[in-house]
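Reviewing the structure listed below.
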């Protein structure tokens, strides 16, 4: 079971947000208990009893009471507003010096030593992850090292999307023409579910991604092989896979890149064989991969990938293509 | 042609041309209820789709269309018109007036609203309804293929003109048409909150008008306001929309607050506790409503300063709202509480709305909002305030004012079944959605994958929606089977305000003699200190009344024709439509119409019948 719920935070940002949620919840439960107590008492005590015809006293109001129920809520809200304002500023500060700011002028305490910048671009309906400092382009799976501050720069290519990893960090929007950022850390290794949370078209509900947190050593290997794939890794393992690479080069490379060959129009395929799902949601197996390539539209309506029927890719070619894609790995 | 056919034709003509605020009120009310049923059905379709994971009951595209229409219809064409119905019918009666300030405009407002609703729904039959959500965020809306979003733009634009007119009309009515002695601080709370609502309409709707205009220019006339590639900015839409959209939610809740402030004192047999505080709380809520729009946009990257300011401003709204809750509780305190259906809805509102209010404060916590935003937590929150507030207010008003509006009482027994089923269904549907949101379920998703622990709660939620649907059917049955309960309809609840001082159904001139108001809750004052009838402020005399007119119908019809011209980019149709509109306006300008006088003999005859 991968980590989905925000109720079980797995990193400092989600923990900060969870404790704020809890604080607000406790204050609100306090309010609810008071209101409900008065409410239930009033309904029982002052209900009309059979035969009761008295006219209640017509009370105008009470200044002291008005004062009390104006000031106490203000104090309760301050209790929540102050930590909220502090957290809002903490979350907005990625710790990365802005361009054009002289780093020498920055307060040393504020600078974060160890951080990794990732550009997350939302497309209808998939996620592109670029690591500008490492020269890596990846699709759908966001590999990160544990215990490192991840600074995500959010962009969008078509409509507004929103980047959310419930168990690691609350969301920020990916907006065309604007770059937003957020930061998070994942202390534990694992796979964390990510979702698009802004209505972006028919397949909005399928626009999932994964955050894969690995230890820094593994991440270094991953990053190295993604940037410059090892010959041994990219070279197809068998004859069938060699055929598959030909099919790939004839049909797929216009949109999908392996290593530095191919176009970034669609998700990068360099490490496709290590994905846990296809197209963000389909269980990774050969049948699903086959069905997806044959008819992506019926599985994920509105996505840009064309269908490849048997005239374009025959069943035999499909088998070898799938074998080749399965072989695309950078970590083994 | 038989006599009955001739008279039925004249009945239809009478309702189309009417300038009587009561008939227009009923038109608004019944049309709104019809749209409410349609939008409710759309909600049930969505809940069926979400009953199990990976359902294919509705396709994704259809789901997005139904989702958009549900929100748009509920807010613009169900909740608001139903409140307009109450306002139209009740405000003049509560302030002792014979009509609204601008009866002609009132009729025009109704037809613009109805035609706007029709334009929007025609989209179903012309290749698909709008699919970008009721918020229509650009560039999803500005790039949406087909004509769906065009229908959204023009439907809202046409009905928005009507809404703006109605808002102005109510403002002028309340300021100018009050009976002698009805000072502002003696006005019933429903009239007060409708007055504040009208102010919100006046200032909020122009922002929507501008937003829709930009969207129309982008979609139909090659504009680039939301085209990033040409230097546009998509966040502008969100600001314009929420500068309108946040006051809009107060437009929906304040009239409901007003209804509760009528119903609770009536059935507790006590004067509203802290009347002055209630009035000022309403004004403050209305004012703050314009200061908080960006709390819908905490995640668009406005920066920590803006987020912090809007978070604190939003939390501040909890204060006047809390004042209201405590004043209602203290109104009940020491009273003699009758559990009629109207009051049951008012009483159920208090805990339900408090639950929606506290999640509102939680959402206002900007740093935590990054987790809540655009999840089912938000869906749960706004349904708690809109159903627990506005819709409960509507149903309280339905049972409370039905005898005054339609001349018969709804069955209390059927009403109680309706109430309990609806209440249980409502909490069942939406309470679990708080958890769904935090468990990782974004809002506006056409389905969800299996194996994410979201299945059970979604199933429960759908069951609740079915209960609400069944409950609504009971209300409809109630409306039909109760038609013979015509006894004791003038003042069935031992009312406190002026509308209960006149017969039901109300004579078309409302008050035979303009009443003299001597205290807050004028009728109650006369019951306690006088003979139980309002004192007259004028001798019995002829009453001057306005004539009906068919012109508003044509003004609205012309604009609707022009709208279809815009949607399908046909200049001829646009010009024809505008010609119809301007011709009708021209006739209105040159034709003198002095109205007519109701003779004293007719008034006296009515009074004889009443006795």
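A Cβ is built for glycine as well, from the same backbone N, Cα and C atoms used for every other residue.
As recorded in TrEMBL:
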type	residues	note
DOMAIN	A:1-95	domain 'Cytochrome oxidase subunit II transmembrane region profile'
DOMAIN	A:113-225	domain 'Cytochrome oxidase subunit II copper A binding'
DOMAIN	A:239-329	domain 'Cytochrome c'
TRANSMEM	A:20-44	transmembrane segment
TRANSMEM	A:64-82	transmembrane segment
Pull the DSSP breakdown for the domain 'Cytochrome oxidase subunit II copper A binding' (A:113-225) and write it out as helix, strand, coil residue counts.
15 helix, 64 strand, 34 coil
If you average pLDDT over the domain 'Cytochrome oxidase subunit II copper A binding' (A:113-225), what do you get?
95
Can you break down the domain 'Cytochrome c' (A:239-329) into helix, strand and coil residue counts using DSSP?
41 helix, 6 strand, 44 coil
Other parts of the chain folded back onto the transmembrane segment (A:64-82), taken as Cβ under 8 Å at six or more residues beyond its ends:
23-24, 27, 30-31
Counting by DSSP secondary structure, give me helix, strand and coil numbers for the domain 'Cytochrome oxidase subunit II transmembrane region profile' (A:1-95).
64 helix, 2 strand, 29 coil
